[in-house]
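Features as listed in TrEMBL:
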type     : residues : note
DOMAIN   : 9-99     : domain 'Acylphosphatase-like'
ACT_SITE : R24      : active site
ACT_SITE : N42      : active site
Amino acid sequence: MAEGHTLMSVDYEIFGKVQGVFFRKYTQAEGKKLGLVGWVQNTDQGTVQGQIQGPTVQVQIMQEWLKTKGSPKSRIDKAKFHNEKVIPKLEHKDFQIVK
């Protein structure tokens, strides 16, 4: 299977000014635009966390977006990615904002 068609999953946590700036809404929209599934939510620590799944290339594009872009009014200080793994099939049906 070519790398572009391999499915992967990665968990993330984004630090900085990422709450109260529509970060979750923009993350959901960007994920859907890239054809990814997963979820995003605010944490009690003032960060945003979630999981993204989809073709490797699209996941990598989304990781870069989470590290460098975010929502227009956000300020990203740090992005942590962990639990990166190849998966046999997607574990989510769409990209959800978790309350």
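Any Cβ shown, glycine's included, is placed from N, Cα and C.
Caution: TrEMBL annotation is automatic and unverified by curators.
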Which residue, of the active-site residues R24, N42, has its CB surrounded by the fewest other CB atoms within 10 A?
N42
When the domain 'Acylphosphatase-like' (9-99) is classified with DSSP, how many of its residues are helical, how many are strand and how many are coil?
24 helix, 38 strand, 29 coil
Cα of R24 (active site) to Cα of N42 (active site): how many Å, rounded?
8
